[in-house]
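Notes for the one structure printed next.
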Amino acid sequence: MTKTKIMGILNVTPDSFSDGGKFNNVESAINRVKAMIDEGVDIIDVGGVSTRPGHEMVSLEEEMNRVLPVVEAIVGFDVKISVDTFRSEVAEACLKLGVDMINDQWAGLYDHRMFQIVAKYDAEIILMHNGNGNRDEPVVEEMLTSLLAQAHQAKIAGIPSNKIWLDPGIGFAKTRNEEAEVMARLDELVATEYPVLLATSRKRFTKEMMGYDTTPVERDEVTAATTAYGIMKGVRAVRVHNVELNAKLAKGIDFLKENENARHNLS
């Protein structure tokens, strides 16, 4: 049975929109990783730079100081480790420590050395759709054009197709209607040759699905609804804060999809 991968978020920042300050020391980060492993996580995604609206950019030195001690402490655990960074210097330092994957929210557009570094260490990379919100074509067409162009550049740099993931970038450089359009047409991204990661956890999109004001934690059940929807559309992984809830849901949806496919094959 094909298993949807659960990527658990580990923000080692003081200011992330959902859990800033909770895991920004090594001991608390280790405890959270152990808990996520018990809850069924497949990948831990360590991030040292907040992406919340209005966040301040941190220096390279500060990002290194936040991320490296935590990565060094958890890289020996029996779980795949990803680092959420758009800086090749941070990526290389973490890859040297043994991480498996780089999650680049700028898809190699911020730092053109990123692909060469990831290829050098034979690692995986996630390319997320981003931008300034100004576009000359409809959002899905622009997203597909941009991501496929960057995936092509990644392959030229030496990263094989099966190690390149695409993320539609819900919550980044898109209006509410554009996010809804991207979600409705996820299957078009899935139809590419690349595995797709969906990352909606606790974001504005899930708040707007509910139709009233909520705290980030109160959006977990609606996040799980997007997980179910994404899996039915064909995404291969989801990036979430609440690992236990989404791991259980994904297991159930995976079973139902496998059951449906098996019965169709019999007919």
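Note that Cβ sites are derived from N, Cα and C of the backbone, with glycine treated the same way.
So that you can see what the record holds, here are the features copied from Swiss-Prot:
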DOMAIN    1-251  domain 'Pterin-binding'
BINDING   Asn11  Mg(2+) binding site
BINDING   Thr51, Asp84, Asn103, Asp167, Lys203, Arg239, Val240, His241  (7,8-dihydropterin-6-yl)methyl diphosphate binding site
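Shown on the structure are the features that Swiss-Prot records.
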residue: Asp84; record: (7,8-dihydropterin-6-yl)methyl diphosphate binding site; contacts (Cβ under 8 Å, 6+ apart): Asp45, Val46, Gly47, Gly48, Val49, Asn103, Gln105
residue: Asp167; record: (7,8-dihydropterin-6-yl)methyl diphosphate binding site; contacts (Cβ under 8 Å, 6+ apart): Asn103, Ile126, Leu127, Met128, His129, Val196, Leu197, Leu198, Ala199, Arg239
residue: Lys203; record: (7,8-dihydropterin-6-yl)methyl diphosphate binding site; contacts (Cβ under 8 Å, 6+ apart): Ile170, Gly171, Arg219
residue: Val240; record: (7,8-dihydropterin-6-yl)methyl diphosphate binding site; contacts (Cβ under 8 Å, 6+ apart): Ile6, Met7, Gly8, Ile9, Ser201, Thr223, Thr227, Asn246
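Cβ contacts within 10 Å of Arg239 ((7,8-dihydropterin-6-yl)methyl diphosphate binding site), excluding its own Cβ and spanning all protein chains shown: 24. Thr51 ((7,8-dihydropterin-6-yl)methyl diphosphate binding site) sits 10 Å from the residue listed as 'Mg(2+) binding site', taking the C-alpha atoms as the reference points. With respect to their backbone Cα atoms, His241 ((7,8-dihydropterin-6-yl)methyl diphosphate binding site) and the residue listed as 'Mg(2+) binding site' stand 10 Å from each other.
In terms of local Cβ density within 10 Å, Asn11 ranks first among the binding-site residues Asn11, Thr51, Asn103. For the domain 'Pterin-binding' (1-251), the predicted model reports an average pLDDT of 94.
Here the Cβ of His241 ((7,8-dihydropterin-6-yl)methyl diphosphate binding site) has 21 other Cβ atoms within 10 Å, regardless of which shown protein chain they belong to. Under the DSSP three-state reduction, Thr51 ((7,8-dihydropterin-6-yl)methyl diphosphate binding site) is assigned to coil, being neither helix nor strand. Of all Cα pairs drawn from Thr51, Asp84, Asn103, Asp167, Lys203, Arg239, Val240, His241, which the record names as binding (7,8-dihydropterin-6-yl)methyl diphosphate, the longest spans 18 Å.
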